[in-house]
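Let me begin by presenting the structure, written as C-alpha cells, before commenting on it.
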Amino acid sequence: MKRCIMHLDMDAFFASVEQLDHPEWKGKPVIVGGSGDRGVVCAASYEARKFGVHSAMPIVQARKLCPNGIYADISRGRYVEISRKVMSVLYSYSPVIEQASIDEAFIDATGAGHLFGSPLEMAQGMKQKIFDTVGLTCSIGIAPVKFLAKIASDYNKPNGLFAIYEEDVSTFLQELPVRKIPGVGKKFVEKLDELGVSTCGHVLEYSLEFWERRFGKSGIALWERANGIDERAVEPSIEAKSESAETTLHKDTLDKVLLKKWLMRHADRVGQNQRKHGLKGRTITLKVKYSDFQSLTRSKTLPDPTNTTDVIYQVAADLLDAIDLVKPVRLIGLGLSNYNNTGLEQLNMLDHMQHRCTGVVRATKKQQQIDEALDAVRNKFGNKVICRGSLFGFTDE
Ligand SMILES: [Mg+2]
C-alpha cells in the first residue's frame with residue numbers, strides 16, 4: 001500500500017499560547033523568551049516576525065528590532081498541557097503518532113483513508129478539531145514520505161495545508177532548494193554551493209557514486225532525498241504507544257449501567273482504530289474522575305494482545321465493577337496500551353500459564369466476526385450508520 005504521512009506543526013506555538021491566554025496580545029508582536037535580557041527568543045508571533053525577530057535570536061537584538069513588542073516569560077507547564085491535548089486529538093485519528101517535538105508530530109495516515117475521507121479531508125478535520133479543542137491553528141503537510149511531509153507543513157504556514165502527491169514528487173523536487181531538506185545544514189549547503197548545486201534538480205545531475213565518494217553517508221542521503229526516497233517509518237514514541245477515549249459526562253453520576261454504556265462506546269472506538277491499523281494491546285486501563293476532580297485508574301494486563309471491542313469492554317467493565325464508587329463520576333474513560341508493534345499475535349507462554357486458570361477474558365470467534373462485520377459497514381458508510389445493539393438509542397445527552 002502507498003504510504004500517506006502527515007506532518008503537523010503548531011503555528012508559532014509558544015507565542016500563540018501566550019496570545020490565547022492574554023487576548024489583549026492578539027494581533028501584536030509577542031516575543032517569548034527566558035532569562036530576561038540575557039536570554040534568547042524561544043518563539044516570536046507572526047506580528048513580531050515582521051520586524052525581523054525570529055527564534056534563537058538574542059533578546060537584546062530583538063528589543064532593538066522591535067522595541068514596542070510584548071516580551072513574555074516562558075510558561076512551560078501551559079505549553080506541555082496544550083501539547084498533550086493536541087496529541088490526544090491526533091490519536092483519535094491514528095494510533096501511529098511520532099511526536100517530534102512539543103508542537104510537532106508525524107502521523108501515519110496510511111489506511112486511515114476510509115475512516116476519515118481523503119487525506120486532505122482528514123487533515124482538514126484534524127485542523128478543525130485541534131482548533132476547537134485548544135483554540136490554536138496548525139499547519140499540516142501530506143506526502144508519501146516523512147521529509148516531504150515536513151517540508152509541506154512549512155509550505156503555507158500559518159494555518160496551512162499542503163499535499164505533495166506521489167505523482168508530483170519529482171516535479172516538486174526539481175526546483176526545491178537543498179537547504180530545505182531537513183538535516184542539510186549550513187556547512188553542507190556551502191560545500192554544495194561550491195559545486196554549483198543549489199536545488200534537488202542539480203543533485204541529480206551527478207551520480208549516486210559521485211555523491212557517495214564525495215560525502216559518504218551524507219552524500220547517499222542527499223541523493224536519496226533528491227530522488228524523493230525516505231524509507232523512515234513513523235515510529236510511535238514509547239509513551240505514545242497507547243490509545244484512549246474518555247468523556248466528561250453532562251451530569252455527574254453514580255449509575256454503573258450508564259457508565260458501562262460509555263465504556264462500550266469507548267471500547268468500540270479504540271478497538272475499531274486498532275483493528276484499522278492492525279495493532280493490538282495487552283493492557284486495558286480504566287480511568288474515572290470523581291465530581292471533585294480526584295481521579296483514579298485501574299489496569300489489567302491480558303496474556304494475549306487484543307483489539308476486540310467486547311474484550312476491551314469486558315475488562316474495563318470488570319475493573320469498574322471492582323470499584324466502590326464513593327462519589328459521583330464526572331469523567332469516564334478507557335485506554336489500550338502495551339502493544340506488540342507487528343500486530344501479530346505474540347504468544348507468551350509464561351503469561352499463558354499464569355493466567356490459564358484465572359478467568360481471563362479472551363475474544364471468541366463470534367466477537368471477532370461481529371467486529372469485522374461492523375468495521376466493514378462503517379468503513380464503507382461511516383461510523384454513524386450502525387452501532388452495537390447494546391448502544392442502540394444511546395446518545396451523548
Ligand atoms: Mg511550530
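Each Cβ is built from the backbone N, Cα and C atoms, and glycine gets one as well.
What TrEMBL records for this protein:
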type	residues	note
ACT_SITE	GLU104	active site
BINDING	ASP9, ASP103	Mg(2+) binding site
DOMAIN	5-185	domain 'UmuC'
SITE	PHE14	site 'Substrate discrimination'
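A map of TrEMBL features onto the structure.
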residue : record                          : DSSP class
ASP9    : Mg(2+) binding site             : strand
PHE14   : site 'Substrate discrimination' : helix
ASP103  : Mg(2+) binding site             : coil
So which of the recorded positions ASP9, PHE14, ASP103 sit close to ligand 1, that is, with a CB under 6 Å from an atom of it?
ASP9, ASP103
Please report the number of other Cβ atoms within 10 Å of the Cβ of the residue listed as 'active site'.
18
